[in-house]
Each structure stands twice: as C-alpha cells, then as structure tokens.
C-alpha cells in the first residue's frame, strides 16, 4: 500500500522529488491555455531543478539574508519567476530517513513578488527548529563523474532528535495567505504535461506528517481523535486510496476487491471526500496513461458528474448504480462514500424481508413511507424534518410545549432531547432493556461521573421522557434511536448481503452510541477494518451524548461477548489503537488558541463531557479574534461598524459569513441590516469554512443567563481573579454552559483568517474577561478604531461560494450569492429548492398547516417546472423534482405529467394510478410497455380492472379480460357483485343476476331484474321477492311513516312497485299478504282488522295477523268517549293482538319459525347464527350487552340462536307490556264504565252544563240488559288483556291492577243504583270471553285474598273490610268450593285480629270477619245471626266501609231475612220483593228453613243513625264512596243510598207480620224528617210518610219501577191462592206450585205454569239448573249444598201459621245475644281447626306443584346456560352431536377409528368451522373495504382479499373432506386423515385469533402426534422396618 501512493520517476526528471502546490498547478494550466511557449519554459525549468541544476538564475534568494529558511526564485523569462523552497520531508517507505525535496509555490511576475511576505513565510518555517533550518540549507557537493556529473543530488538525513512542529504543507497553516497547498509531484514532467494537456482536473497525494503517515500505514483498527482541522479525514482518505491502489496493482483471480465504505453524518463532507478521492485515484491511474487515455477518463468522469445544479444527495437515489437495498450492493459500488442516513435507508429496506418482519413491519412502513424522497434541512439526519420523524425541531415545536410546565421549567430543551436520544434511548444499556430504553431504575442508577448532565434532576427528566414516549406513540412517530433499534433487531438474524471489509467513520461524535453496533455488525474485518475519527468537542448534533471513551468501552464489550458466544475463550483480539492529532492546519494560531481555551474550559469543569486530548496547536501566528464589547443598537459606532463610515450599507464578500444562534436571530439581524451578506446559523455552518467569520450575539441569544456564564471566571489565572467574583460550580446548574461552549468551539473553528465576535449582551463579559486575561483576543470598544469587515468579491468568487452553499443545502444563502454573481437562472433554481425546503419544514401534524403545506409544495413544483423548461442538463431532474412536489401538494395528475416529461414512465403510471386517472395510466402502459416496470404495469392493469368494475365501467373493464367468463370469475372472487350482476344482465342471464342481487341484500334490483324477464315464473318470483322486501323493510314495530322507513329508499321503491302488481294472478295467501302491506301503507285499519281475522282464522298465519293488528294498534284506539259496543269491539281485536304477542313469547325455539323471522325481521345465516338486517328495529337493539356474540356484517349483524330468540322475545315482551299498559290506562278512564249516578237517578247533573263532569250521562231508560252485559264484558275483556302480561309486569303493579279490575268487576256486577242493573241481569252466554275470564278471575281472586292485610303503616287499613267483602263475594260467586277452602286460611282471617274488628261479648271476643265468612257460607243455623251481628258491629263501631258494598250487603241480608221468615213455615206465599232480589236468593231457598232470624231487631237498631249519617253527612267518616268520605259526595248521590236503606227497611217490614217491627221501621225512616233539606223524589215519600201504609205503598209501587232491569214481584203459592189475585201498580204476581218453578217464572215473564198432579209422597223435582247462569253470577248467594226434603215443602196457607211462633220473635235481645254467642263460639273453634289442617287432597296437590316447579326450574336453568353459552360452545355442541348421530349408522370394525371419530376428529371440524366463519367474516369485511375503499387502497385490499379467498377455498375443501359423512371416514384412511389435520393446523396458524387453539391442539394430539406409552411407575418397596404400635394389636 505504501508504494501504491506514489509515482515512479519519468523520463526527463532527475533525482530531486518535486512537490507542487495546487496554486502552481493552476498556474501551469493557465499557461498551457494562454501561452504555450511560457508553459514549455516552465516545464523545462522544473526539469532542470529536479535534475539538481541550481545555477544562479535557477536559485536566486528571494528572502532576506536573515531569514531562517530561505525562499528561492528561478528566472524563466524576463518577467516570470518560479518560486520554490528546499524542504525536508519524511520518507514514506522508511521510518528512519528524511528526504530533501523541492516545493514549488507558484509562477509569479516580478511585480507580484512581495519580499516582506516571503520573509514572513521563511520566518514561520524557521520556527520548526534549528535542525530543520540546518537541513533546509544543506547541499551535497556536485558530482564530478557519471551521469550526474555537475549535478547536486538530494541529501538524506536520519529522523531529527529535537521535537519539531510538523509541517507537511504550507496550505495547512497559511491558508489565510495566498500560499496554496503542496502536493507530491514525483512523476516526470511529461506525465504532468499529459494531464494538463488533457485538461484533467486531478488531485495529487499530500505530503503528510510523520504521525499521519503512521496512522495511514497502521494495519489494524484504530481511533483517531483530533480537533477541527487536524487532518483526521486526510488520513482516512489516504488509507482508502492506498488500499484501493494496492488492489489494482496486485489483483488476480483469487483476490476479491476490498469493500471500503466511508461513513459520515455530513452529506457535504461525504461528497467532498468522494470527489477528492476520485481525483487522487485518477491522478495515480493517469501516471502511465497517454493524453488520449487521460481524456477518455476525464470524459467518463464528467459524464458521471455532469449533472448540473442539482441536489447530489437526491440524484444518488435516482442514479442507476446505487441499489435500494443493502443486500443488492456489489463490488462495483465500492469504495462507497455514504452518509449514515443513506446507510440506514439501505438497511431499512431489508427489514421487510426479515424473519421477524411481522413485529417490525408497522414501524418499517412508517419509516419507508415518510422517508421516501424526504430529505432534511441539515447535514445531520437528526435534524431531518420528516413527517413522522422526531428531529429536535419537531421535538421543540410539537412536543416541548405540550409537556407539563412544572417539569420543563428551568430546563434546556436541547439538553433534554440530547439526554433522551443519547442516554435514555441511544446508550449501551438500552440494548438489553425490554423497552429499548432505560427504565426508571436503570436511569437513576447511572454513573454520576460519566452521565452528569442531569444528576440531580433525573426524576423530572424521566417523567418528561415518559410523556415524550406516550405522545410519540400516540402520533405514530419515530426517532433516530427507534430506527437504529429496528435495524439492529433485523441484523440479529444476519446481515442481508456481503459484509464490508473496511469502514471509515468520520465525525463519529455525531452518531448515537448504538449506531456503532450497526457499523460493527456489517464489518467483515473488525480487527483491521474499522477506522473511527472524530472530535467530541464538535458534537453539534442535537441528540448526541457521545464520548470516544464510551465508544471504546462499548466496542470492547461487544468483542468480548462475541468471543464468549463462539467459545473462543483462549483467543484474544488486538485492541484498536488510539491516535491523537493535535496540529491544526485550518486556522492560524490566533484562532486555534482561542478555540483551545474553550476546550480547556470544558475539560476543566466537565472532564467527562468530551475526550481529553493533547492541546491543539497552530503552525503560525495570526491575528487574534476581535471582541466587540460595550456596543448596543443605540451606539453610533455600532451603526458605523455595521453600515460603514459613509452610512451606506456595506456588503460582506463571498468568503465572509455572519454566524448567529438560530433562525430567529437571523431574522432579527436581517431586519436591522438588510441583505448584507451570508448569515448562517451554527447548525448550518457545520462542515463549512470561511476566511472571515462574524459571530453575532452568540451570548445575547443564549438561553444561559449571566449568573451561569460567570462560572468560567473560576478558570482565571492565579492571582488575577480577585476582582471578579465567580459562583461556585454546580454541575446541574451549569450544564447549559457546557453545551454552549461546544457551540462556541464550532463557531470559532469555522474561521480561517479573521474572527470577529460582536455581542450586545453582558452575558459575554465572563468569556471576554477570560480571553483578555489570556491575551487571546483583541478588544474593540466604543472609541477605538473599528476594523473594516467587508471585502469585495468577484462574480466568479460569488458563484463558487454559491455552489458550495447550494451543495450544502443553504439555498437561501445560495440565492444571495447567485444574485451577487448575476446568475438569474441559478438563482431561480436555488429559489425552487428553497421553496421546497420551506414546504418540507411545514409541520404535517398541525391541522391548521395542512393546506399551507400543500400550497407550499405546489409553489415549489411550479418553480421547478419553470426551471426545467429553460434547463438543458438538469431538465429531467427538475421535471422529476417538480413531479415530486406536485405529488406532495396532492396533485397526482400534474405529478404524472411531469414524470412523463422526465421520462420516468413507471413513476408517471404510478401517479396516474394514484390520482385515480386510470384511463391515462392504462394508455401510458400500453404505449410504453417496454420501459414500464413489468410488475408495476401488471399491478396497475389489475387495479384498473377493480376500479372499472367498482365504477361499473364494464366496457373498459372487459377490454382488460380475454373472455366474459374470465371477467365473471374475477368478479366473483373479489365480491364485485354489482358489476357481476350488471354483466349477467347484459348477457340476458336475468335469473342468475337476480339471485346475485338478492344474495347481497339488493331486493329491489333483484325484482327489477326479474321483471325484465318475460318468463311467468320470474314474475311469480319477483312478487315473492317483493313481499320479502316489504317484510324486511316493514317488520313489526316499523310504520311506513317512521323516520327510518322514509329514509329507506329501497322500501320507498318497493312500496311504489307493490301498487302495480296484479293481485288476481296470485294465490290467496300471497294476495292477502300483498293486500296487507297495501293496507299498512294506506293506513287502512278496517281492512287490516279484516285481514288480521282472516290470517288468524283461515291461513293460520299468526305472524301476518299480528302484523296487521300491530299496525292497527300502533296508536291507542279512541275509546275514551266511545259507546260500550264500540269499546267491546275494539277490545276484542286488541285481545287477539295481545294473545298473539303472548303466544309468540311463550313458544320455545320460535326463531326457527319462518313467519316469526319475517315478522320480527331476521333470517337464517348459518346453523348457529341469524342475520339481523340493518334497517330493522331488532338491529337497533343489538349490542354487545344484549347480544355478546354480535358480529357486524355489511347487511346488519350476526347473532347466535338463543341470543336472537332472547332479544326478539325481549322486544316482543316490551312491546306487549307497553301496549297493554297504555291500553289499560285508557280503559281505566273509559266513560262507558263510569255512569253519572246523579243523572241516572234524577235525570239532572249540575256539572253537565259546564262540561266538568267526566262521567257518562245516559238517561235511566237507556240502561238495559244488553248495556249491562256489555259493561261487564268490557271489564272481563280487560281482565283477559291485562292477564297477558302476568309474567312481564312487576308484581306490585300487577297486584295493584288486578285489585282494580276485580273491584271494577264487582262494581259492574253490583251497580249502586237498581236502574243500572244487578247481578240478576248477567247473561254469561252473551259474553264470548266469559268462560276464559272466569278461570282468570279465579287465580286473581286467590292472589288478592292472600295479599289482603288489615294493617298499613299508619294502623288499620280503612279499605280492608271493603276489599275483603268484594273479594270474598266474588270468590263465593265464581268459585264457592275454593272460597270455602282458601278463605279461612288466609292470614287476614287466620292470623290477624284488628281491634276494630273484634266483637266483644260476655264470655269472649269474636273476630267479625269470621261472622262475615260464616254468613257467606250459610251452612249453619246461626248464619243469618252472624250476618246481623257483623252488620251491627260495623255500623255501631263505625268500621270504614264502602257505602255501595254496605248497601249490597244489607240488601242481601234483608232478602235472606224475609225469605227465611216465610220459609220457616214452608212457604213463600205473599213474599213481595224486587225481581233481582228473588233471583239472587232463589238458589239458596233449600237452606233457609232452619235459619235463626231472632236478631231482626238488632238488624234495624243502628239504621236510624246510619240514615242520619248518610243523609246529613255528619259523623259519616267511616262511610266511603270511591275511597272518599261520603260527606264529600253530592247530596243527590247520598240520597240515592238513603233511598236504598229506606227501601231495604220497608221491604223487611212489608214482608213481616210484626207490628212492632213496622212501627220501628216507620219511626226510623221518618226520623229523617227533622233533617230534611228539600224535596227529592227518591226520598220525599219515605220521609213524609205518616202511616205504615204510606211506606208500604211507596216501597211496593216505586222502589223497583221505571226500569226494564227490575220489577217488584209478589209471590203466591198456588195452593194458598184462590180466586182473583190482588192488583197493585208496578207489581207483578207469580203463582208457583213448587219452589223450583220460581226461577222459571221469573225468567219467562209468565204468571204461573200449568199445574201438575203431585202427590205428597212423590219424589221431589231435582234442583233446577236453568238458572245456573244467574246462580253462578249471583254475587252474594251462598252455594247450594243439599236439596230440601219433601217434608220441607210448605203448602199451607196463611191461616196455618202458628201464632205462638210469631210471638216467640218478641224474645228479649239480651237472651238472644247470649244464645247466639254460644253457638258462634263453637263454630269459630271448629273453623279455626279446619283452617289449620290441610286435607289429603291438598297435600297431593302440593306435591304435584312442587314436582312441576322443580322441573320448570331445571329447564329454565338449562335454558339460561344455553343462552350464556358462547358461540364456540354452541358450535362444539352441534358438531359433536352431528358426529354422534352419524356414528350410529356406521359400522365400526376397529374401535380405534371410532374413538377418533367421536373424539379428536370433531374438534378438527370445529376448528375448521371457526376458521371458515372467521374467514367468511374477513372476506365480507374485505369486500366491504373493496367497495368503499378509496382508490389508493385498492392494491392492499385486493391482496388481502385474494389471500382470504384462497384460504376460504382451502377451509371449504377440508370441511368437505372431514365432515361426518365424508368418504374418508368410510375408508378409515388414518394417514390421509393425519395429512388433513396437519393442513388444518397450518391453516389455523395463519390466523391471528386463538379461538380455535384448544380444539386444534386436541385434534392434533389425538390424531397426528404419536401415542406415548404410559410410563410405568416403580413399585413401592415393602417397608419391613416399621414396627406396629401396640395399641393396634
């Protein structure tokens, strides 16, 4: 490699080695072009010097005699001189010799020679030491013999003993002057001439220093550390050049080309190094080339490099020699000069191919999408503003402001971000952390010495880091550390491609530490192939927390771990050597010393912040930096400094730059001084150098305050810091100073000649004081001379600077320079690039900037397009960039057009496709098919098919298919059913098209398609589809006028079409269904009621009947003021409606019923699932709470069988409940059930005229038998209706409503006024619902009985007695046997004893409820007495009771007293009672003979007070009417009840022979006379009567008159009647022969029946059942238990009555009470004993009920378990059952396969079922995405759908192969079975969900895995050592 760097001597040159500077090389080229004669003279002179001919003209001393190292001039012509120096340099091939050489500075005219300048050069060279000066002046004696006779030969010396400054070339330390750099030139003059003649722009190898030579020749990996300008990059470059040249000189077939890679963060640096490498390499290659060959080389390189004014970094991505993936790199790509960002892009492209790509794919896609074509604003990829990339700028703008202010207060965001990237995410420890970042404990435990930035604030920093991480994750962002970790994860699986042999990492400090592992991993030769160079003092990359010491330790541990991993414990690797370069060749000592003072401060206060290196030195002295202090904007001298003496604005030159902190500082400065020159930020200046640098307001714009800056005063020299107070150093407080000092170092080292520091803040004073104390700056204050800063530049210089700035992406500054250079085209190009950078910098995360960003890209695109129109070389590049910008602006059409202009046809086609311009894309592919990428072309053609078919552009789509069948198959695979149906219609395959429409839920399209067919079957099918659509659109609960129905356009069209169908061509059921929907649409309730009956009665279609009635009863019927007949008619229909709903609710597994499916709106989807269409009400009720198995689909939702049944029943239940409750509330307010009693009684209502009375006002004559039964029917209907919700309604509300309607039934049966009716008017046969209602009433009565409680929270319940009488009377009327059995056992009878209801007597107290029960049973002699005693107690104690119930009870008791009194004498002769009374009593006549009536006087005793209370309302609080105090009721109503009591008493007296009784009654009735308040026809005759006859006449003639519902009847026994019967007004006489004839006579209206010849001893007639109807409904009639004997029949006349018996009635009350009490007490004891002991029959019934209930609970439990079962459980149950059933029909010669068939195989099928369902759902979702996807997503959707279709076909094939009746099981092919199960397992593994994992494992283990024999357990050894305890002996 050493020899490869240098040339051999050529012909014409001597032994002297000649080193020629670049300036001299330039002079030679100019001479060749302008003056060929002069060029030849120069070449001749150089040859003479190289041959040692030092004549007087050739070696004339240019410097003074006192100059230490002389400079010579050689005269060539009269005015031209060759200036050179005799120098000594190390020999490259020897480490022990120094050569004397000639160094040429240049060719100058005599006038250009400045002796003072060259004296200074000689002086500076002399500083290298005495030995050096001596050797430079030493000459060998001229040779006297041989070929070198007369020639002075060069001398050789050993290495010097004294330490000297290394000075390989003057350029490296005098660049501030006009002396250029030296390069080696040891080839012949002819060689150089050839290069110059060929105009080859080549470079030549430097003459390097000894230390640099050692580094270049070092054979192993190394670290090279050095400050800025010390030659680190030079050593790397020369080493690369040597290796490359060595390979070319020594290459053979066995030697592979070394792969060398130069990596840096700076693209500019990479381009510079690459360009210089090529020049040096060509210089070496051209040494032995002819001019023609050199010209060919030059032309080739120019062809490669002549790309015009473009961004070279972008062009790298577009050139054909650089692949997109790292694995595609070949030897031809090396040596490679690349940025780390580009290297990462190559590696990122490999991430998709990694074995673990699934885990990294989302992140990689994010990177790939956002980084494609997105380049940042700076050389540092950490500053690249990509859409999802978190650079420091994004962090500062989009993250920092969102953090909690209490956490960010006092923190520098730059330092925080550096801590995040460099420590928390980019440090070595993160590689072993689970989350790829340090956890809190790891971070807190970091060394305070090595990571001291936030030693005392780590808690706060970590909280900020957590907030940063969360926000980054939420926004799908990534940062540099994320990218590196992703790449490292991929590299663990192996490097994709060939490794690199030598990697050179320049500016390593700008990387993260973990980046080093990426570079180390791709290096093939880590022992000798890694070259790390950098300077941590230049760490300007935000996010880097880098030290070389950390890098060394990190890589050392990596190597140790690798050795351990390969078990190479005995092997060791040579540790890389560390070199330090300390000589700065860029700047003079003035600038170097100033910069070094900054390094000293850093290393003093922060020793671990940067690597500690030897002090850097400058070769020569120079001007000290100038510090302008004491200036501000108001100072005149400051203005002079900025604008010049004359006040006219000055302008900085091309090699001058103003450095500021940031963009904001630049904008402020420009606002002050205008366009003064180049103004750059510190970040932008990285990698650039300028002759003069003005550092403006560096301290003023710092975030570090003055108190912090003062800490550096601690570094003042001893004894000189007394006058300056410095704060104590605090690592945490002063961390910002460390960061700023690094920035300051970078700013200082940008200057080559002059550095000016201008600052208007006091914050710079500490630094100025320090520099002043060290004599390292020149202070300039107001009053002192201000140096002239500005320098003029030529247009060429401006152009050169502009190009450099352009290549560094400083487009704004480049525009400025091009403007100064008068280059408008180039300025426009720079402006276009600038516009693009501005567009890129616009945040894509802020929504308010989205439109601005697109507009900015559009502006940039237009600018590039204009540049392309006028460009020649760059035309395609500018069109391409314009296309990119158009694309980013969202205009893919213009982007595609621009790509066409750029000849990028593949990209043009892609953007036409992206812009949905499919026609243009297809045309472009067809016209440029040969140049468009085949894969992309096929993809676009394929996606165009999809798009055309989606948009139904069948003509264009069919052109892309070979046949229509191929197109149909394609559409079927991808679910393009609309296009498929359209094509089928075009092919006139209407039935297929209709079926396809229907399968996809497009009923309307299916109907229209069928109507286009002339086939009659198609018309019938169309009608069926129409009805299905109407059912689906108008299910139960949805009306045509509902919002959802009106929004359903399909339903609207179906409704329109339904009106056009001819119903005559349809069958009867179909016709009625169509008519039903027409009626629903027309809201024709009458037709719907008729159709409902027809569906229910004729078609047995309950669903359609229910749908009809549901629409009718959508709203409540208007029944409030309807007549009773209208109410009963409506309730009849509503009862049917409610029962239909109840019937559907009570059916088990009713979801399988097709009628119910249509009714509610769902359909069968699979064996386990039902589909609920989206437009139905049922769908709106589907959710994950009520239907956990819910699976959304395009058409609606899939729901499990039991869930859908539960849901629709829940809906039906809710609907039934709501409808019945609403209807019940309406019926409770019906006027037809609430007559106005005042109006009925008197024909007058005071509130009628004002409209305030809410009751029904019918005249008395309107109340007839029909109306009475209609009103009873209404109540019975409502009882049946409300009973339909008995299992739904809340128990408390149910009980309340039951009590209400039973009370209303009691009121309807027992109206308060006789003209309205009585129980005798009931005709059960005229009420269709009567029998059903009776059964329901029975259960209601029992519930009411057992719920009765005499107490409420405040004491005795006032309504208890009323309720008990009502429920007991109804129970004895409808179910007498049950009443007798149950009533004594209810708690209110058997347990409770309210004091108010306890009747006290001499020996004991009696519960009057027992009196009441015994009276109602009427089974004992004392029954009537107990009734009388009950009445007396209630009235005497004023027990609260309803007055209507009381009057009814008194009427019944009075009638019994009358009947019993007469029947005691075996006759009813001369009994006069109302017809209604006699009918009610006639069924109990046989019980009345022996009843005790002695307490009749007790009965009338409280009547006077009762009448007074009723009449006056005084003391009547216990008398209630409709739960109100009677005193609050109008007097007309009260008088009606008074009249009833008067009638009751008068009828008792009228039918009695007791004068005292009649007198007492007269007195009682007429006692009201003193309270009389006015005339009332009802009472006037009663109250004003003077004699008993007056009362008798009134009660006989008027108490039952004027109504068709009742009349007064006088009974005559035929044997006692002779002659003409007496006639009384309003009295009908009947004559009976036997008592059984009385009901017949009453019912027929006849007076008598034909007399039969009867014998006294004849068998009596059986009890008549003709009156069964009235007997059942006689509310207060005791049940008949025994028939009377013949002896009981009374035939005697009045004269036969025993007068003594009559006298016996005058017994004293006291005696009567005592006797009665004895009898009653015995009866009570007997009743209590009976009530406590259940009968044998009851015990059997209880056992039966218990058994039935337990079975019900078991069934319900199982049903609930099924309902709670998941879908997978149901599937398992079904599949296993199917295999079990199939096994019964199969033969099983082998038990093993039967075991498989009933065991593992079903689980494999279950897995397939689940897979198939999952895939079907996925396919449906994919089809949906395909139909709604925007065109950008078509490729991805198509790819996913294609994969799903293939999987569906595979799962279907396996299902068929493994189903229970498959041929496989008949053959019992176990091997094939195993193959199928393996396929199933592979299919399952491709799915993401794990629902089938358990079943798959069972199937696989049971079928595929070999059976392992059970391990034999070792037998336990016999234990003979234990002794048996004595206690067990």
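Cβ from N, Cα, C; glycine included.
Note that TrEMBL annotation is computational and uncurated.
Residues or ranges marked as ATP binding site in TrEMBL: 226, 227, 228, 229, 230, 231, 232, 233. Sequence-distant contacts of residue 230 (ATP binding site), defined by Cβ-Cβ distance under 8 angstroms and a gap of at least six in the same chain, are 581, 582, 583, 584, 585, 616.
The compositional bias 'Acidic residues' annotation in TrEMBL covers 1919-1929.
The domain 'UvrD-like helicase ATP-binding' feature in TrEMBL is assigned to 205-588.
Annotation source TrEMBL lists region 'Disordered' at 1903-1929.
Mean per-residue pLDDT, taken over the domain 'UvrD-like helicase ATP-binding' (205-588), amounts to 76. Taking a C-beta cut-off of under 8 angstroms and a sequence separation of 6 or more, residue 232 (ATP binding site) has the following same-chain neighbours: 224, 225, 226, 506, 533, 534, 535, 581. When other Cβ atoms within 10 Å of the Cβ of residue 229 (ATP binding site) are tallied across all protein chains shown, the result is 25.
With respect to Cβ neighbours within 10 Å, the binding-site residues 226, 231 differ, and 226 shows the lowest count. With the fewest other Cβ atoms inside 10 Å of its Cβ, the least crowded of the binding-site residues 227, 233 in this structure is 233.
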